[in-house]
Every structure is written in structure tokens, then in C-alpha cells.
Amino acid sequence: MTEEYWKGVDKIQYVGHQDKKSGLGFQYYNPEEEIMGKKMKDWLRFAVAYWHTFDQRLVDPFGDGTAQRPYDKYTDPMDLALAKVDAAFEFYQKLGVDYLCFHDRDLAPEGDTLRETNANLDKVVDKIVEYQKTSGMKVLWNTSNMFTNPRFVEGAATSPYADVFAYSAAQLKHSLEIGKRVGSENYVFWGGREGYESLWNTNMKQEQEHAAKIFHMAKDYANEIGFDAQMLLEPKPKEPTTHQYDFDAATTIAFMKEYDLDKDFKLNLEGNHANLAGHTYQHEIRVAREAGLLGSLDANQGDKLIGWDIDEYPSNLYETTAAMYEVVENGSIGPRGGLNFDAKPRRSAFAPEDLFLGHIVGMDSFAAGLRVAAAMKQDGFLDNLKADRYSSYKSGVGADIESGKADLKSLEAYAIDKPQSELIAATHSDHLEEIKDTINHYIIDTLSK
């Protein structure tokens, strides 16, 4: 039996609206409760991010790490890596989640060669697979870290150096093999350094062609080895590069269509990345779902006062409600999607239990958002609003426009003699402030029950 790492923490339970002083517990996330015919746990499919939860030391550009973790006593890199697996699976069991996500380099230290690195990684993956057999834990997605090591200083697939491209492809090959071993439901590509610092010395077309080339290689090899995962691209506009090629959902979808990737790839969308691109999280989810390309979600939030990616645990109920309304409209997050907490505690929240507290607020916030979104959907509130707003397209000239019967000549004949007073009279106030007030009341009323 392994040692207990998270001492003093019992399995987190649904406690409802009890006083928070009663201890750790979920107020809104009740995994077995049915919402619109589906269990909450199946709507949300929560996952824990290995990197932020078990590897993140809470460093910032101005100070060393503050994190206190129960496995800090291990100094040998491989001993530490194996101890983290024990701690991680205890954490999953106590938190009550079914999924994890990881980069290859989250799990094990690198060696001098890729062969040595793969051997280290395989030892840790062996242990994860054994835990999966006894715990039932599943992998929502895995991926390759091709941005941290100095060899990726100018990108991986988009590097100007062929040796780096070759190394990246070899690393990716092994990561796909690991994905098959652990039964990963998705495989994510986040191009951490797939972009440029300056256009003056950049062949942008060649770099994007190389990125598409490695994505096709990945899908081809996954098919070859029987790794049936949904491939996902994750947009982010900047940081660490000045400009990244997968800027936002719309840009990434255009890239996918340009290079014939949209049949095999979907999108993994993150809240903080949406903010950096100048969008709301809801906007990015809407763009993806209406294109039929919503794959999975990373759950976190940014700060409008801070211009970088802070990966804060989500707590804004208005934002989680908006995100979950898009999910409810879609019928699910995606064919195999989930909500991965790509989030970390603040540097001042350094105690081990803060990892539980952060996940609890995130899980409760999205569960609350689901409850409110379902209430609005079941009442038909927003559906009725939109149906009324666009009702002019149900008959007359509007119906002709919708059906394709109208053309420029027929529309000119219809509009050319209409006085401005008649056109203005056809418009109506949308009472947007009332809509926002009503949404506020849905949040307050639904969550007070």
C-alpha cells in the first residue's frame, strides 16, 4: 500500500447549500443528478490537468516557486516522477473525477537522447496503466510538450531547422503510441511556439505548410497503429510567441479548411486564450459549434486587468453559464469532449489543500452554469427571444431571402420606393438591458433552489 499523500482530505462529496464551514464539499456539482435527461458528470466530464496540478511550482517572472507538495521529499527525478503518480491517483479518487490530461514531459524527466527520454516515460506510463486497471480512471486527452526545451526556441513543426522538425515528429510518434496505451479519447496539439516573433525573417507560408504536414503525419500514424482518438487543435493568439498561427477559433478553422484537416480535427478551446484573442469564451465556443468543430474545452479564466495567460480556476458564474449554454445548445461538449481544468492556484495559495479548493470552485462554477443554462433552455427564454427577433424572415420578402428565391433585382424592386419612415418603423428595440437583467435573475433564482 502506498503512503497517503493528501492527509486530512476525505473524498469530496456533494453537500448542497450547507455552510461552507462544514468542510470541503460541492454545493452545485452533484455528479449523479440528471439535468435534461443526462447526468451532470456526463454533461461535464471533468478532467484534472497533470502539469498545473502536480508539476506547477507557482513560479512567476519575479519570484521562485512557493508550492508545498506532499512529494517534495523526493529528489531523484525518476523517484519523484513515480511518486507523483501515486499522489495523482489518490487526488483523483478524493476529488471524484473520472479523467486526467497530460503532456508527455509532465510525467517523466528527459534524458540526453530521445531513446533515453522514451524509456523514462515508459516506466511512468506503465505505472499509470496499472492504476487505470484498478481505479477506472480514463485519459480525456494527452499531448506532446514541444515548447519548453531550448531546442524548440523557434518552434517545433514550424522551426526553420529540419533537425528540430525531425525530432518533433519522432517525439510525437511516441506520444501517440502512449495515447493508445492509456486509451486517450482525444489527442491535443497546442502550438506553444508555432508562430513568429518578426515577419522580417519568417517564411510564414512554409511554416504553416510544415505545421499542416505534421498534423497529417500524426493522423496517418494514429490510423496505422489503431489509435482511435479525436484529434484536436487548441487556439491561442500569442504568448510565448508574438503571434501564433492558431490565433483563435475562426483563424484555426480557416487553417484546417485550407490544409484539408477539418474532416479529422476539431477544436479544444480555453477561456483565457479566448480573452487574449479579444473574445469571450462563449464566442469561441459558438464559432466552433456552429462550424461543427467543437471538440473539447479547457476550463479556466483570465483577468481583464492582466494581459497574459494566468490560468485561474473558473469562478465567474456569468461566464460559466454562457459557456454551458453553448454546450446545452450543442447537446454535449463534443463527441468525446470534456472540461479539463487547465488552471492553477495563485502564487499565494501554496498549500496542498489549495489544489482541492481550486478544483472545487471550478467544478461548482461549471455545474452552476449548467443548471442555469438548462433552466433557460427548458423555459425557452432565449429561443423565444431569437425567434421573435428574426421573425421577419418567416414570411414575405424575408422568406424569399431565406429560401434563395430572392435576388438583387427582385430586392431592388421591393426596396427602391420604400420611404425611410417605413424602414425605421420596421425595427424594434431589443431591450438588451432587460435580457441581461433576466439572465441575472435566472442565475440567482436557479442557484438559490
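Here the Cβ of each residue, glycine as well, is placed from N, Cα and C on the backbone.
So that you can see what the record holds, here are the features copied from Swiss-Prot:
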- H103: active site (ACT_SITE)
- D106: active site (ACT_SITE)
- E234, E270, D298, D342: Mg(2+) 1 binding site (BINDING)
- E270, H273, D309, D311: Mg(2+) 2 binding site (BINDING)
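The Cβ of H273 (Mg(2+) 2 binding site) has 30 other Cβ atoms within 10 Å, all protein chains considered.
Within 10 Å of the C-beta of D311 (Mg(2+) 2 binding site) we count 22 further C-beta atoms, all protein chains included. Only E234, from the recorded positions H103, D106, E234, D342, place their Cα within 10 Å of the Cα belonging to H273 (Mg(2+) 2 binding site).
In this structure, of the binding-site residues E234, D309, D342, the smallest number of CB atoms within 10 A of the CB marks D309. When the alpha carbons of D309 (Mg(2+) 2 binding site) and D298 (Mg(2+) 1 binding site) are compared, the span between them is 13 angstrom. The secondary structure of E234 (Mg(2+) 1 binding site), as reduced to three states from DSSP, is coil rather than helix or strand. The DSSP secondary structure for D298 (Mg(2+) 1 binding site) is strand. Here the Cα atom of D342 (Mg(2+) 1 binding site) is found 6 Å from that of D311 (Mg(2+) 2 binding site). Take the Cα of E270 (Mg(2+) 1 binding site) and measure to each of the recorded positions H103, D106, D311: the nearest one is D311. Compute the center of the Cβ atoms of E234, E270, D298, D342, which mark the site for Mg(2+) 1; besides them, the chain residues with Cβ within 8 Å of that center are W190, N268, L269, G271, N272, H273, L297, N300, N340. Distance between Cα atoms for D106 (active site) and D311 (Mg(2+) 2 binding site): 17 Å, as a whole number.
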